[in-house]
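As structure tokens, the structure follows; a few thoughts come after it.
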Amino acid sequence: QVAAASGHTVVLVDQSDEILKKSTKGIEESLKRVTKKKFADKPEAGAEFIEKTLKNITTNTDAAAVVHSTDLVIEAIVENLEVKNELFKRLDKFAPDHTIFVSNTSSLPITNMANSTTRQDRFGGLHFFNPVPMMKLVEVVRTPMTSQKTFESLMDFSKAVGKSPVSCKDTPGFIVNRLLVPYMMEAVRLFERGDASKEDIDVAMKLGAGYPMGPFELLDYVGLDTSKYIIDGWHSLEPNNPLFAPSPLLNKLVAEKKLGKKTGEGFYKYK
């Protein structure tokens, strides 16, 4: 959406036409919300903006078939290294030499993905934040093999889609999640030890640190399964790092399928 809205030609690829229809509808709804604010007193200009943006987007179910005419491939599939590597390996065979590959992963090593291709110097990370149309930040991740030219192209692209890029090496969690995930886990440990209630911890961080959500609200929003997946992955990389230690309570909630907002219950209950 943000790429198309800033004048880029986009091919959106997913597994079925049904998913793509739903995605296109979602983008249209999102654009309507954007135009309500952006073109409040110019509804005609707003309608034109939506039409122009949607014209920049085509859809396809075959990534290999469309990759031959792209300059940039942004992968945002399931957070599973093997599945991602398989996709990159396949697309690497069909993409032109100049095409840059990036992953939108929030926690997996970019270097590992780059190594599944023959374009290690044209490979990086572009980690966008949810919800992408609203959030200004993009983490531009470079591996030891990412060329300066590739890095500069990714910084330029991020600015061209209206974002504020920050640069980071390929380290677990990059910048934001590297600080945010251990913070949320520390909050859970504080609660597990009985030092404070989850409600009081949430209020304390909102009023004391100015955070829009407390750590337990944030965990429920992100998804407890996602948070567990990240911490388990980091723990296997650095088993002696106390910040990456798993949480018995988090594991229990995930085992009980209490995954947060999306299932109606996590640390809190939702109607």
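The count begins at 1 with the first shown residue.
Including glycine, each Cβ sits where the backbone N, Cα and C put it.
Features as listed in TrEMBL:
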- Ser30, Lys37, Ser106: CoA binding site (BINDING)
- 1-171: domain '3-hydroxyacyl-CoA dehydrogenase NAD binding' (DOMAIN)
- 173-270: domain '3-hydroxyacyl-CoA dehydrogenase C-terminal' (DOMAIN)
- His127: site 'Important for catalytic activity' (SITE)
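TrEMBL feature annotations superimposed on the structure.
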residue	record	Cβ neighbours (10 Å)
Ser30	CoA binding site	17
Lys37	CoA binding site	8
Ser106	CoA binding site	21
His127	site 'Important for catalytic activity'	24
Pop the Cα-Cα gap between His127 (site 'Important for catalytic activity') and Ser106 (CoA binding site) into the table, whole Å please.
6
Would you mind pulling the longest C-alpha to C-alpha span across Ser30, Lys37, Ser106, which the record has binding CoA, in angstrom?
29
Calculate the per-residue pLDDT averaged over the domain '3-hydroxyacyl-CoA dehydrogenase NAD binding' (1-171) and state the result as an integer.
96
Residues in the domain '3-hydroxyacyl-CoA dehydrogenase C-terminal' (173-270) grouped by DSSP into helix, strand and remaining coil:
65 helix, 3 strand, 30 coil
